[in-house]
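Asker: Handing you a structure now.
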Amino acid sequence: MEEKRPHKVSKAGVSAQKKKDKKLAKMTEGEKKKAQRNNPKAFVAQTRVAAKQHYQYTQTRIQEKLHVPIMDRSVEDPPPTVIVVCGPPGCGKTTFIQALVKTYTKQNLKDVNGPITLITGKHHRITLIECPNDLNGMLDCAKIADVAVMLIDASYGFEMNTFEFIGMLQAQGFPKVIGCLTHLDKVKNNKLAKKAKKTLKKRFWRETYAGAKLFNLSGITHGSYPKTEIKIIARHLAVIKTRPIIWRSNHSYLVADRVEDLTEPQDIAEDPDVDRTVALYGYVRGTNMRPNAKVCIPGLGDYRIKEIEQQPDPCPFGDEAKRLKARTQTVFAPMCDVGGMRYDKDAVYVTMPTSLQNEREDQSTVQELVQSTGGITAQLNQSINIIDGKARRPVEFKDDIEEGDDSNDNEDDEEKNDMSEENEEEIPTKKMEEEKEEAGEIEYAEEGLDAEDEKKKWGMIKLKKRRDLMKEIYEEVSVKEEETDDDDDLLRPVAEHSNNELDLEDNSKVYWEDNVLDSLIKNEVDENIAKHFVSKSMRIVDDMIVDMDVKEEMSEDDEHLDDLIKIENGEVKIQEEKKKKISKEKKEQQEGEEETNTNPFWDHEETYMQKVQKQMQEQNKMNHEAFAELDSATRIQVEGAIAGTYVRVVIENVPAGFIRQFNPKRILLVGGVLRSEEQLTVMQALVLKHRWFPKLVKSKEPIVVSVGWRRYQTIATFSMEDLKGKQRMLKYTPKGVFCLMTFYGPACPSNSGIIAFETGEETPYYRPCLTGNISNVDKACEIYKKLKLVGQPKEIKKNTSFIKGMFNSRIEVSKFIGAKLQTVSGIRGQIKKAVPKDPGVFRATFESKLVPSDIVFLKGWIPVKINKFYNPMTDLTGYEWDRMRLSRELRKDHNLELPKTKDSSKYKQSSKPKLNENHEQKLERLEREKKKLFEEAENSYHVTKKIMRSLPFEEQLKIMEEGPKLKKYEPKKAN
């Protein structure tokens, strides 16, 4: 039978609204007003207690939102967002990346090797990285991931790799995580698939955070995932916002997408194992990467940067496009098999043949045919000319031109030469230009032009757009035509009417002389009126701007500006009515600001956090302005390579095995090291044994640690701090409780994440054994170990005794002078002095006289020495990494047993031989044993005289009558 569910009253909908209307109709006006006054949504606090609780709640919410201010290091062109695709083997990582690249760029990738950079929006780029399945590769990917995409096989469930990678992400600051369920087509039916989705979603939220995105990929059709499902994920990745991680915000790093060997071929021929000079290319992330700085390459070692140089961005952003078009979408993957790849000393260029490019090639051939409007005669005349005219130069805009000036003739001659037949063929016709503008395919420049010429030509084209075409077409504009003299133009081609449309003033704007605007600025209403005018000097500068991105905003009042302002003898006069209106508006604005400042409910004071954030923003702005005027080479030497720049880093003395056995599947991370992190020191971390690690971690055993950029092997010592502040050494890590781990390694700032492994190799169980944070960086941290020494009295003289067997020499005794002693019976004492003749014997005083059979104990603490062992992992050098092995591994290799001490033989488990008996015999045996126990209990007890006196007289008589059956208590006499 189905469960009886309680009835839920509808609070919204048609039926609920009808009930509400009926209830309101029955109420009187007084009741309606009372209900309105008692609206809990409108009036929160009606009593003093409720107001206090509400205030505490709001203040708690405000305090919970506060955090340590972080410097905003964002730049104009930020580096691509790193998206790491991870998951167990066979879950579809390669297919997923290929589908994303196909969605963004319409390109097919055969292999997925190394970073793949894509342009996904006007101001957004991403870098896709496939996470390898080995432990070292997973650690490197967790350190650089801005967004982690977890692929989960829905037909199988969660695997150990997924949980291990989530643990690594948590130790590195826990970036954004999204999940994708794959292989849903392998689930038998829809009901089981729906149940699996629900179960996996709950488990995924429990391991990450509630509300984490989990997408579904139904299955593979034609070797790829469905387009609609991939587009949903692609849109989410294009707009996702990443959270800043403190470690990456304070350190510079780059992910190498290209590796180049710069070693001389002659040196390699002479010695194949010679150290190499390697160039690494990639985007700078985090802070500025300075020249000659020390960097750490996990798996390779620490190196000093020999040279750093800025390179052209292989995936630049579009400048003028309002939206990203298909032809501007690029993919940069030097290690993948992408067609049309060209290597250069400075960068890698990838050319992608698409259907759009083929169409443009066809259109360009047609345009060349259309542009050749001149006939055969014109072409012959052009070929006969001795001088073809001057080269093209940029257009100059002049406004201080007088009619009577003699320089006009030279300027007109230059303009005629500029507009020769050769230049007419280069500039497209007006009709073709309009077609290109409609199609959104304005060509920036031709192949033969330089970058500056391209920008100027683009500025000319945009300047044409800014003209008021209606006024230029229908109004009469007189353009002077200079008559040419045949005698003077012997070796100069006769030009047609010069194209002066670029030199004409834009009649749609109001231009004023500079002195007029100066007087406007001095006036008190400059903010309201001067913004409507543009001086001629400003116009010249505006027209010469290359990008021409300045837009003039004209309001309705601009049409009446001529009626508002009058100029008499160079003086500006504003009408009084308009002036009063403007001054009135300004006065109202000031009164509103004063009212805001004097309002008692307006908190006009800045909080401490707002002040700190404001100071950080101002400092960051000053830093950018100070280095803005320097060129790229000088700026890198002074400031370093800023985040978002594509650089080339050169390092020396790299092992030859790195180049010979280079694997493009592995991520090459170059992390910046601060000066305070270069030295080796003793550190302490607050760690917790992972609940899934099956064993206890033992002190003085080697473990593999990953802190910051580095991963290395060290020897850990575990301890706990007692109430007195003393750190007591632990032999094993406690279960479910945090403890202190002291180890030796490169210095690392406090609160840095740490994760430890037992061996760093593949194991059948969960590999991360410890997780935590760095708590202290101090060489003087001391750990003490409990010590218990045993001795016996050698000679007893009243309260003074001479103790032997506790120490071996006088030096040991001298270290413990004044230490407290105690016997088994509880007599306390103190060490006084060592006996000079007998080594190890000392004199001690006690509270009372000892007995020769007494045993004396010394409970003390001795400092534990920290093992300074540091062994960095070098798995990328091409050689096998030599690590310190565990003691159990050595016993297993050499077939050795566990070491046994003398005392261990005393504690042996007693085992009785098994009896061959049936059920009846067993019951008989148990019954006999039971009777025997009762008989022993009856005959073993005794009644003392004190108990006999306390009993009633009748009970005493019974015991006295049964006296012969009982064993009387006879106290033992001392010999």
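The backbone N, Cα and C atoms fix where each Cβ goes, glycine too.
So TrEMBL has the following annotated:
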COMPBIAS  1-10  compositional bias 'Basic residues'
REGION    1-40  region 'Disordered'
COMPBIAS  24-33  compositional bias 'Basic and acidic residues'
DOMAIN    78-243  domain 'Bms1-type G'
REGION    395-444  region 'Disordered'
COMPBIAS  399-426  compositional bias 'Acidic residues'
COMPBIAS  435-444  compositional bias 'Acidic residues'
COMPBIAS  577-590  compositional bias 'Basic and acidic residues'
REGION    577-599  region 'Disordered'
COMPBIAS  892-906  compositional bias 'Basic and acidic residues'
REGION    892-923  region 'Disordered'
COMPBIAS  914-923  compositional bias 'Basic and acidic residues'
Asker: Tell me the residue counts in helix, strand and coil for the compositional bias 'Basic and acidic residues' (24-33), as DSSP assigns them.
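Answerer: Going by DSSP assignments, the compositional bias 'Basic and acidic residues' (24-33) contains 8 helix, 0 strand, 2 coil.
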Asker: What residues in the same chain, six or more past the boundaries of the region 'Disordered' (1-40), come closer than 8 Å to it by Cβ-Cβ distance?
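Answerer: Residues packing against the region 'Disordered' (1-40) from afar: none.
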Asker: In this predicted model, what is the average pLDDT of the domain 'Bms1-type G' (78-243)?
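Answerer: Taking every residue in the domain 'Bms1-type G' (78-243) and averaging pLDDT yields 91.
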Asker: Pull the DSSP breakdown for the compositional bias 'Basic and acidic residues' (914-923) and write it out as helix, strand, coil residue counts.
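Answerer: Going by DSSP assignments, the compositional bias 'Basic and acidic residues' (914-923) contains 5 helix, 0 strand, 5 coil.
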Asker: Please work out the helix, strand and coil residue numbers for the region 'Disordered' (1-40) from the DSSP assignment.
Answerer: 22 helix, 0 strand, 18 coil
